[in-house]
Amino acid sequence: MRKYWLPCSSIYAIFASFLLPPFIVCLSNEDIQLNSQLISINQHVPKVNSHKIFEIEIHGILLWASLGFLMPAGILTIRLSNTEECSRTKLKILFYVHGTLQVVSVLLATAGAVLSIKSFENTFNNNHQRIGLALYVAIYVQLLMGFRRPKRGSKGRSVWYFFHWLLGTTICLAGIINTYTGLNAYHERTSKPISLWTIIFTAQISFMGFFYLFQDKWEYIQKQGAILENNETMTPQVEIVVPQSGEQKMIMRTESGRKSNALGTFFSRSNVLNKLLQQT
């Protein structure tokens, strides 16, 4: 009986003919499934053309100028009227500048809202659209409150001022936050870089925030310099004259020009009263 020996290459070829076809079929099925998933994902992602990108950029510029710049600038303007040297004429000028900035801000926000309603998919499935809708309502409420303000000195003026200040501050903070969410949404839709715009907007808001805090301390800083130069002229004294027997008078001097808290004022007045009671 003869024995037939097959070479090793023939054995490998026979082994591969039995094992490789199922493996190749599995790979081809996985490739087909992966390609079908990619096709379905591409079909659901909306294609953004150059015209749509231009509309998104115009919408962002309008809302940046409105809620990100003009409205905070209006708040900084009206805060300038809180200084002591603000005259009546200067107060009127600051008031009209404040009102003009706020009205222009509302007009720009309205243009941005009309553009978004006309050109974008308003599904409100993200935070940017939800915050934007709330801001549109809030700015019109604030505008109506500005035109329906009570006269100064009237009964409801304090309540109106509190809610006007609270709503205006909330709108500014929400507008700044929504500007950042809008930049992120722009990057997700267009894949364009936003690092430069984020840095510019952050620098602008930081400068406005510093100026906002600096307004409260500027007058106090000026008084500190004046006190160091001439302490006597900046701290006037009040004379309390106490009549004595034999037509003699006792004079007590107290400082009233410096800033003090309620406890300091209470204790200083108590010392004066104690001295008066001891003398009488």
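Note: Cβ is positioned from N, Cα and C throughout, glycine not excepted.
Taken from TrEMBL as is:
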type	residues	note
TRANSMEM	5-25	transmembrane segment
DOMAIN	23-222	domain 'Cytochrome b561'
TRANSMEM	61-81	transmembrane segment
TRANSMEM	93-117	transmembrane segment
TRANSMEM	129-147	transmembrane segment
TRANSMEM	159-182	transmembrane segment
TRANSMEM	194-214	transmembrane segment
If you average pLDDT over the domain 'Cytochrome b561' (23-222), what do you get? 85
Quick test of the contact rule: Cβ under 8 Å, at least six residues beyond the ends. What residues does that give for the transmembrane segment (159-182)? 60, 63-64, 66-68, 71-72, 75, 126-128, 131-132, 134-135, 138-139, 141-142, 145-146, 149-150, 198, 201, 205
